[in-house]
């Protein structure tokens, strides 16, 4: 028999073994001691089992395994079983979730993953660089085209829409796809370098598949999905569709409601690392440890560990985001390694010399960091980096 295994943090150590047994039974067969011997024999294979309990710093930690045949093969069933009504039951946090290998046929994970995305843009030996459209709400397609051209001119690898740039009359998604196709192709013809542009998916959940396919026909090369406002099973269905043949970026919008509390909700590495990887994201965005919405470094690095965990599904690219500027690049490489994405909005568009110079400053900082050269030293001969460091400084 195979199991789904979940670990929880409780706000108390009071009667921990008893509490663990109550949870294991309450989320499976409901009761046990009230059953007669025959009923217990019949239900034994459906019963949750306590694997481990321990106490640490005044908190209780319990691990429970649930028979995999208790659930249907979807995230709704899995999460409702392991943390549905339990999430309402006082100070309790889901800190780890492991699915059995038998689930891989229904949870195949990312189409591309780290190596697939790298292959698309032919960049294999460094972190990827991504920038974000900024200030495009209320602007027209000409403005969007100019921003895309400027970001590409600096040598960016990936560009994504803002997560709040939905399909709209001023910049319709189909037109953005066509512009992206034309600008990316022109960039390739000029430089020989490929890049991807991720368009935000929006609209009715029942129309998303058709929308993505129309966008691909129009030239879309990647998508940004607000996964937690749509649901993990929506991501899974999109990623599993063979006709949706471009990478999908997972955005963490709404996830703060689940990860922010140290006592409640779902641990950030599970919600933004494990689950998007299993659901089929190729990249997963999350708050960096450095910005104004900073996530604790151990949690941010934990997300990256889960995103790049080697197992039955492809590894995916971790994307620490928010508050990123060129002076952070060496720290980012140190904290997240080369299989990661350096993602900036204001750090690109806020460069005093413009967005193209902003991207170039990131490239210069990255080259220096990978060569083991200090950013201060590199800035003495590279103006774009010098101007960026004057504006933002160096974070260590």
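From the backbone N, Cα and C atoms, a Cβ is placed for every residue, glycine too.
Listed in Swiss-Prot for this protein:
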type	residues	note
ACT_SITE	85	active site, proton acceptor
BINDING	134, 160, 161, 162, 163, 251, 323, 345, 346	substrate binding site
BINDING	160, 162, 163	Mg(2+) binding site
MOD_RES	160	N6-carboxylysine
Cβ atoms near residue 346 (substrate binding site) (within 10 Å, other residues, all chains): 16
Other CB atoms within 10 A, centred on residue 163 (substrate binding site): 18
Neighbourhood of residue 160 (Mg(2+) binding site), C-beta criterion under 8 angstroms, separation at least six: 130, 131, 132, 133, 197, 198, 200, 222, 224, 249
Residue pair residue 161 (substrate binding site), the residue listed as 'active site, proton acceptor' - Cα distance, angstrom, rounded: 35
Which of 161, 162, the listed binding-site residues, has fewest other Cβ atoms within 10 Å: 162
DSSP state at residue 163 (substrate binding site), helix/strand/coil: coil
